Each structure stands twice: as structure tokens, then as C-alpha cells.
Amino acid sequence: MFYLRASEEQSDLLANGDEDLYLQQAVVFIEDAIQYRSINHRVDANSLRLYRWYYSRIWQLGLGLTIAVVLMLAFIERPSSFSYTSDPRFRPPPWEPPCGLTEGIEIVCLVIFAIDFATKSYLIGWEEFRKCKWLIVYILAVSASVIDWALTLSMYCDQNLRVRRLIRPFFLLQNSSLMKKTLKCIKRTLPEIASVILLLALHLCLFTMIGMLLFAKGENPKQNGEWEAYFRDLPTSFSSLLVLLTTANNPDVMIPAYSLNRGYSIFFILFSGFGTYFLMNLLTAIVYNQFRGYLLMSVQASILRRRLGVRAAFEVMSCQGWGQDATHSEENVERVRVDASLQVMARVQMKSYYRQAIIKRVQQLSDGFIQWEAFRRLFDELDKDRIKEHPPKPEYNSSLLQGLQLLFCHYYVTVVGNAVALANVMCICTILVLDSEKSIAERDDYYMEVINCFFILYYLMEMSLKILAFGWRGYLSYRNNIFDGLLTVCLLVLQITIFATYRLPFPKWNPASRGLMSLWEMVRLVNMLIVVRFLRIIPDIKLMALIASTLVDLVKNLRAFAGILVVVFYVFAVLGIWLFQGAITAPGQMSVMSNSSMKNITVECGSYEQLGYWPNNFDDFASSLVLLYNVMVVNNWQVFMDAYTRYTTQWSKVYFVSWWLTSSVMWVNLFVALILENFIYKWDRSVMCSVADVERTGYETTVQLMFREQIQEPTEEELVTQLHQHPHLHLS
């Protein structure tokens, strides 16, 4: 059996009969368990107060806001993104912040990071600090940023290479434990996928050599099209086949040879068939499989943290209750008092739904004490889905109101409403098709307005009768009713505004523009809201409801995976600015040249210049992000690579290939796989549910729960060993 060997401060408190410290410790340990946090921190009263303040919503929200601000500085700093276009032909000189503005904001953020580091280091203690590489790198990152910040000021903000820009994404990483786990899993996955990447490189090299031999320069210039365009030298041949691996230049790359002899198509089909459809998909499978394995190990550690937090809370509470009952002492059985458990749960910061569920289970215990197994099972409530109970419907004495309530509570009323919304959208679509070739002056908005008025009145009637049937609280308890009602009110306000501004509609109704918006703009806005309102059908179709809830869950619970992608985008954008800023310049006087002069400029078909890709550049941070996104999509990404190769050096290809491998091959495929994992998890749990059950169920879809079935529960020996190793809580 465990008992607590307290420190000197704890012994004094215990001698004075003060049990509040143990309650505070239990509260903090349970909060650690809920959030999967480590319990290896100081446990004296002052440290516990500081610890709870550090993890309070106010401080964590402030820290998150600080990280967002320091990352957003890249849009304002030189080169500034504050211009309406990134096209160098038409871009005016962007607004540049005065020296000291962004630097002043940044030093405030760095001070907050220093306070965050000092607080976190104090709370875990020196022994834990020495083991935590993230905290060591944290202080190094803050120190390096301050030094670089001082250099910027000493150079009167005329420093082009700001190293601290590359450091900023670290602040986002270190603030999320799940991001750290994800990054660690990715790092462990890299060696496993090296063999497939090596095989992919061998495949490329082999076909590059064969291609150079197959399409060597001949005596007849008319038959050298393939050599001249794609296989002139080794770098060109390699990059042409690499792009073909992504299908971005298919079938362009094979057309010159294919037009001479259809047999040449076999070479390209073999290359893309084996490389694109076998090796690339095999690489994706290995990346996901290996990453999933390491993620399972990481989630296993998170489950251990939760069980350890619950066990630590049980131990300190059993110490508090030890000796309070003679039977308890005689039986030598670990138990905690029910009243102590209720006190602890009342002080724990958690969702009220789960607190009430746990308290309800505690109150059902009749003997006044809770043993360890029963105590552990209390927190299984945290893994259960929340079933939302709708408020009771209002009761009416009038038989007419009762009939209306019965009618408009029926599911078929919603079906009819969806059909009416579909009819409204189809009417708008029909009118748009009929008027597609007409200018705004030639359009007659009379029929559109009459149709919209009819449908908006129906929407208003439907909303009013549903409120009558369900009551205000009942109506607002459905998320689709909130969405539907909000858009209906917006449509009503807009329609009243149109009538107040442009009077009632009549045939050939086309009044002059008044106020901020013209009649056509207001009608167009109404039509947009009507089309958006049609999304109300999503909760009424089970599969669509699951897909929509999966997307919401991804935003809520898989932010860490998107966060890593943000970090990678940020780092590559900064590197791109360093390497390629100003590398591509538009032709002189392009913005003032006449159309006839522009037509006389000769450019290669399909090139960066001919396609007009001028806005895609590395001249500022915002345009760099857009360019990286376009490369990640891999459609025509060879155009960007070719342009920067021509304007800079052949080595620029290394940058673009690295970005393609990181973003498109590895991270996007991994993210898609996790989306599938999330959806399959929810589908398996809701396959036996009705549409109404799906609407009422608030699915708990965290990474830990997604892999819950593959995770083993930690043994009692593991928990005991971990508790004995706690640096500040001494148990024996």
C-alpha cells in the first residue's frame, strides 16, 4: 500500500491538520490527467497556484496571441506585403513600417516568451529542466532572437537577412505538446522511408540515362524536338522526368517523340506507371504506416500520463483521508473519502458536462469511500461521447396551437423546407443561365425579386412556426436551426433594405444606384445568402453530416498536424525570400506599354512569362506563401522551377524539389490519411445511429481516442514506478 512521505513544508501543514494542500494537489493532478500533461512539477502550495495560473485560459490565450502576432510580423516587415497586388508589372511601392515599429512589437513578444520560459522552468525544477531539450532550445531561440533584434536596431532596420524570422516558427512548435509529438514521430519516420526514396532516385536515374541514350541528338534537326526540349543534358533530363513523376508535364514531355514514332510512348508509360502509380503510392503508404506506428507509441505515452495523473490524485487524497476511519486502517485498503472526491471535482477546471457525469457517479456510492479501481473508472466518462438533451417543448392549452406544434415538430416539415430551398436555388440558377450573356443594364431584376420575396416569406413563416413548436430554447438547441434562422433574418433585413432604398419592384425595374450598394449588388448578395442557406440539408443526410462533423473535428482536434504544415510553409517562405527576392523582374515599362507593343514581345509557349505568372514570386512573404501553395498543388509547378532556374542558377531546383517532397509527397498525403482515419473512426461509431442521433451526439474525436483500441492500459507496476520517480512528490 502507498503512503505519502511529505516534505518539511507538507509535514508542518499535515501536523496542523491542514488538508487543503492535498486537495490542491489532487485538483492539479486531475487537471493534468484531463489534458494529458506530465505531473512532474512542483507540488507545494505556492507552486500549485502558479501552475494553475500558467495553464489558465487567460495566460494560454495570451501566449497563443503572442505567438500569432510574432508570426504575423513577416507580413509587415521588409519586404512588406502591404500592396493590393504582387504583380511586379503593376505593384505600387508597398507601405513600409517605420524603423522601430515592428521591432517594438517583437521585443514585447520576446519578453513574454522569456517570462513563459522562466515560469515553466521554475515549475518543473532543475532536474526536469536538464532533461527537457525543448526548454533548452527555447531559451537559445529567445536569446538568438534578442541578439538578432539588437543587430537590426544597430543597423537602423536596414538588415536584409534577419535570422530570427527562421526561429519564429519554433515558438509555435514548443507551445503544443501534440506538435512536439508529431514532429518527433516525423523525425523517427524519416529513416524508414529513406529506402523508398533511394529506390525512387534509382528509378529516376535509370530512366534518365535510358532517356538520354534513347533521345540523343541526331543529324536531322526536325527529329531533335525531344532532345532539345527535355533531354538536352543531365540536369534537364532528370528534372523533366521528375516533373513527369508528378504528372504535371504529361503528355507534353512525350509529344515530340510520340509524333515521330508511337513506340516511344512505351518508355514514358513504363516510367510513370511504375514511378507514379507504384513507387509514389508505396511511399505514401510507408510514410503513413510508419508514422502511425510512432504516433501510437506517442499516444500510449499520453494515456500513461492520464492514468498517472489520476493515480497521483488518488494517492494524495487517500493520504488526506487516511486515519479518518477505523475500518479503513484495519483493512489496510487504499480508499478515498466520497466527500473529498466531491470537493476535488468541484474545483477541477473541466467541461461542466463531464464534471456533472463524474459527480453523479460518485454520489451513487453509498459506503462513503471509493477504492482505486472504482476511482479510476470514474474518469472513463472523459472518453464518452456527449449526448445533448434538447429542452422540453412548451405546453399549450389551445387545441390549434397543439396541432401546429405536432405538425411542425414532424421530420417531414424539414424535408419540405429542404425541397423549397432547393426550388429557390434552382430558380436562381435558371435566371442566371438566361441572363448570363446580358450586361447589368440589360438585366430585369423584377422576376428575381418577386421570386425571392415569396421564398423569404416562406422561410420566415417556417422559422416562426418552428419557434412556436419548440420554444426559443428548444429552437436554438439545434445547430442547423441557428444557421437557418440567422440567414433568414439576414435575408429579411436585406429585403426590407432593398424596398426602403429602391421601392417595390415592377417590370423593367432598374433604378439608379443609391447609397453604398447598387440594386444588382444587393440582389446578388441576397442570392448568395440563399445559396449558402441551402447548406441546411447537411444535418439531414447522415453521410453529409458525418463529413461536416469530421471537418469540424479536424479544425478542433487535429490542429497540431496543420500547425506543422504552417511551420513548414513559414520556414520555406522565409528561405525563398532570402534566396529569390527580386530574382524575377518584369520587362521594363511593361505597365505603360501599349497592347500592340506587348503582342510584339516573343516568349516561349508555356513559359512563366507567356502564362503571365508574374504575381507568383518571392518578393514578399504573402506572395511567397501563394507560390509555395501553387507548387504544393503540383499543377504546372515545373514552370516556376524552370523560371527560377533561368533567372538564378540550376541549384534553385534543389529548393523546389525539397519543398515538393516535404509538402506534397509527405505532409499532404499524411494529412489526407489522418482525415480518413478520423472519418472511419466516426463512421464506425455512428453506423447504427439515425440522423437524429448523429445530430444529438457530440463525438469526442481526439487523436488519443482515434487510436484508443490499439493502445494497452498501463499496468499497476508501471504507475507505481513512475510515481516513485516523481522529483517533488515523495511516495514510498
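The first residue you see is number 1, and the count goes up from there.
Cβ atoms are placed via backbone N, Cα and C, with glycine included.
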102-124, 654-676 - the one TrEMBL records as transmembrane segment: 654-676
Per TrEMBL record, range annotated transmembrane segment [choices 450-467, 522-539]: 522-539
In contact by Cβ distance (the transmembrane segment (58-76), the transmembrane segment (654-676); 3 or more pairs under 8 Å): no
Other parts of the chain folded back onto the transmembrane segment (264-288), taken as Cβ under 8 Å at six or more residues beyond its ends: 189, 192-193, 196-197, 199-200, 203-204, 207, 210-211, 214, 226, 241, 244-247, 250-251, 253-254, 257-258, 665-666, 669-670, 673
Beyond the flanks of the transmembrane segment (193-216) by 6 or more, those residues with Cβ under 8 Å of it: 226-227, 230-231, 234, 237-238, 240-242, 245, 257, 264, 267, 271, 274-275, 279-280, 282-283, 286-287, 290, 661, 666
Cβ contacts the transmembrane segment (411-434)/the transmembrane segment (560-580), at least three under 8 Å, sequence gap 6 or more: no
Contact ranking winner - 482-502, 522-539, 560-580 against the transmembrane segment (58-76), Cβ under 8 Å: 560-580
